[in-house]
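Colleague: Got a structure for you, written out below as structure tokens; questions coming shortly.
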Amino acid sequence: RPSGAMDWKVLTRELSLYLESQVRVGLFGSGVGLSLVLGFGVAYACYYLNSIAKKPQLVASNDRFCRFLEEYCPVVTETYYPTIWCWEGRVQTLLRPFITSRPQVQYRNELIKTADGGQISLDWFDNNDSLYYPDASTRPTVLLLPGLTGTSKESYILHMIHQSETLGYRCVVFNNRGIAGEDLLTPRTYCAANTEDLEAVIHHVHSLHPSAPFMAAGVSMGGMLLLNYLGKTGRDTPLMAAAIFSAGWNVFESVESLEKPLNWLLFNYYLTTCLQSSISRHRQMLEKLFDMDLVMKARTVREFDKQFTSVMFGYRSIDDYYEDASPCRKLKSVGIPVLCLNSVDDVFSPGHAIPVETAKQNANVALVLTSCGGHIGFLEGIWPRKCTYMDRVFKQFVQAMFEHGNKILSM
């Protein structure tokens, strides 16, 4: 009946209000709610401590190198506690640029000429106020290589310079051609496989300070480029050691991972637009050799490399380029101490593609593999504004090599 239907609606509403009031009283009046919150907190803490916070895996065939790292770079053997509310790899990767601070750094810019008529922009942090190394001729120097479209303004580069400043070291940032505001003088940019520009920069920096201890650190593609250089030169380099962070070891595996639907949406498309933006300013120069309309239509990194990068550097196919660009193929030839930090949940460099067995065949190589951290993430602390786990690894390793490196350089 109509009146019966109306009575049922009223009764239902009143019962709903009564239950809602009882739940509110029961949860927060009797302490049940507090118990639920505490129970969830304890359960999450147990999960975090048992499954998330772990010691990194240290892979090194040389016992002497291992003992050196344990003594002078102990961070690689300590438990890494990723930020408790954003430990997942994609989240760490996305948030790091927005969360981490940007230390103030005053650079001195230098443009150097290349053999083909081009120019490279170097940003120097001279650290002339260094208390530990007041003599500029012997002040330790760290060459920093940013990622694919990165420059000296990246937050992770600024933090590395800040860490180096406290230790008294000098830094110089190698900006790839055409991305740091300078003009392209020739229709050529850069890639992970071609080491000519890096060789020129290393020779130039060493010639300016031949008596200064000299190291390099590369991040993401900068790390790939540095590894490819070291694999090519072996021991024939003025660098005494190198640190590599979040390198893509196998480019085929990297692009396949980045082309998965969610990863394409979160990273691949954006990275492709960044690559296109980095060359659009030089369109008039590049149009001499490339169909720029076709290049600007690329929607993945693979498409961009197929239409632009592989063609620029004379590869017959994109597969030839990716094979040459993959550092895993040159790791056996590295002839100086190298420490490589990767997270196994890095979608840019998937864990299964990290060359663990190959690293074990070279006494100069040590891998540090964390279970979390993403790509250049490695956030830690409740509010990770400042120092990351990656920053601490960088600081301890460069200090260990500059101040105690003689203990392993003879190995």
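The backbone N, Cα and C atoms fix where each Cβ goes, and this holds for glycine too.
Note that TrEMBL annotation is computational and uncurated.
Feature list, courtesy of TrEMBL:
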type: TRANSMEM; residues: 25-49; note: transmembrane segment
type: DOMAIN; residues: 140-381; note: domain 'AB hydrolase-1'
type: ACT_SITE; residues: Ser220; note: active site, charge relay system
type: ACT_SITE; residues: Asp346; note: active site, charge relay system
type: ACT_SITE; residues: His375; note: active site, charge relay system
Colleague: Would you kindly give the Cα-Cα distance separating Asp346 (active site, charge relay system) and Ser220 (active site, charge relay system), rounded to the nearest Å?
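Modeller: Rounded to the nearest whole number, the Cα-Cα distance is 11 Å.
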Colleague: For Asp346 (active site, charge relay system) and His375 (active site, charge relay system), what Cα-Cα distance in Å is obtained after rounding to a whole number?
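Modeller: Rounded to a whole number, the Cα-Cα distance is 5 Å.
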Colleague: On average, what pLDDT score does this prediction assign to the domain 'AB hydrolase-1' (140-381)?
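Modeller: Taking every residue of the domain 'AB hydrolase-1' (140-381) together, the mean pLDDT is 97.
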Colleague: Tally every other Cβ atom lying within 10 Å of the Cβ atom of His375 (active site, charge relay system).
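Modeller: If we count other Cβ atoms within 10 Å of His375 (active site, charge relay system), we arrive at 25.
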Colleague: Count the Cβ atoms, other than its own, that fall within 10 Å of the Cβ of Asp346 (active site, charge relay system), considering every protein chain shown.
Modeller: 28
